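Novice: Take a look at this one; I'll ask things after.
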Amino acid sequence: MTIAAAEALTRCIEHREIFHDEMLHLMRLLMRGELSPQIASALLMGLRVKKETVGEITAAAQVMREFATPVVTPNPQDLLDMCGTGGDGSHTFNISTTAMFVAAAAGVPIAKHGNRSASSSSGSADVLEALGANLQLTPEEVAECVAATGIGFMFAPAHHGAMKNVAAVRKELGVRTIFNILGPLTNPAGAANQLMGVFHPDLVGIQVRVLERLGSRHVLVVHGKDGMDEASLGAATMVGELKDGVVREYEIHPEDYGLSMMSNRGIKVSNREESRALVIEALDNVDGVARDIVALNAGLAIYAGNKADSIPEALALAFETISNGSARAKLEEFCAYTRKFQK
């Protein structure tokens, strides 16, 4: 079913939903660059003001997946992504990227989808390069990396070439649009399990239901009530969980797991080198907020990756993996393996 751009804009103005097939059609036009910049920007802003629905986001994510360059692995049902929306303005170090090494060392196969910094001081790609990883990998090399090390990193621009058709409009608008929440929904390896941080509390329930419709297996969508797009030590964390086909929403508190409430001030960074230093500090088991917040998020990842039956069990495994040095060893193994492919 198609829809004229004018009708779609009218729906947005009147706060009425654009139906699934109609949204598929509009999104394909956007991704092919077949809408004028004026219509494209009006549509993106109309959706933002109206507030995108679960159905609209689901359809848009399906089209982005359709246009993506895939990474083919034998068992996408076992893979876990740890990709957040970003945009929380907290300027903390790369917590989920660090937690990735802990989860992988605990046996969770990781297919992480990431990018350079947009609003933070250091994006996942920035800090991984600072740590010595080579990110210029083909899809086949990423798949080989997953098979050999348990981790693959997919640099978003290399897998979403069609995004160039909306890049100029997004840049000129300079505000958040639906594309800011689509990235974590469009893993090129089709990872069925996910730990996703979101920048706004409303997105917890929205994103987990989108992933339910997209066929995900086990998902945790989190938002720290202090504003972080991670599980936080500074406040309670809102969680939306999809497991066994059922969505639940609840809160977790650091003290529930024997962790101290701590301010995030000590983990703020201004560049990728400062972030790199905290990544190493956390993985070297230095007592403090960096290690504990990484362990908390890694615990959630281990649980979402189905290597533990509960969050407390997963958190204990995360701390063990850090303290015995296997998480730090996983970092070195991953970086060394990616450098094999340097041209």
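Each Cβ is built from the backbone N, Cα and C atoms, and glycine gets one as well.
Reproduced below are the annotations present in Swiss-Prot:
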- Gly84, Asn115: anthranilate 1 binding site (BINDING)
- Gly84, 87-88, Thr92, 94-97, 112-120, Ser124: 5-phospho-alpha-D-ribose 1-diphosphate binding site (BINDING)
- Ser96, Glu230: Mg(2+) 1 binding site (BINDING)
- Arg170: anthranilate 2 binding site (BINDING)
- Asp229, Glu230: Mg(2+) 2 binding site (BINDING)
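Buried or exposed, and what's around them? Tell me for each listed feature.
Specialist: Within 10 Å of the C-beta of Asn115 (anthranilate 1 binding site) there are 17 other C-beta atoms, taking all protein chains into account.
According to DSSP, Asn115 (anthranilate 1 binding site) sits in a coil region rather than a helix or strand.
Taking Cβ-Cβ distances under 8 Å and a sequence separation of 6 or more, the neighbours of Glu230 (Mg(2+) 1 binding site) in its chain are Gly84, Thr92, Ile95, Ser96, Gly197, Val222, Gly224, Ile293, Asn297. Look at Glu230 (Mg(2+) 1 binding site): DSSP puts it in coil.
Sequence-distant neighbours of Arg170 (anthranilate 2 binding site) (same chain, 6+ residues apart, CB-CB distance under 8 A): Leu44, Thr177, Phe179.
Over all protein chains present, the Cβ of Asp229 (Mg(2+) 2 binding site) has 27 other Cβ atoms lying within 10 Å.
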Novice: Let me make sure I understand the structure: which of the binding-site residues listed (His113, Arg116) has the fewest other Cβ atoms within 10 A of its Cβ?
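Specialist: Looking at the binding-site residues His113, Arg116, the Cβ with the fewest others within 10 Å is that of Arg116.
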Novice: Reduced to three states, what secondary structure does DSSP give Ser96 (5-phospho-alpha-D-ribose 1-diphosphate binding site)?
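Specialist: In the DSSP reduction, Ser96 (5-phospho-alpha-D-ribose 1-diphosphate binding site) maps to helix.
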Novice: Between Asn115 (anthranilate 1 binding site) and Asp229 (Mg(2+) 2 binding site), find the distance joining the two CA atoms and give it rounded to the nearest Å.
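Specialist: Roughly 16 Å, rounded to the nearest whole number.
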Novice: Can you tell me how far the Cα of Asp229 (Mg(2+) 2 binding site) sits from the Cα of His113 (5-phospho-alpha-D-ribose 1-diphosphate binding site), in Å?
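Specialist: Pair distance, Cα basis, whole Å: 16 Å.
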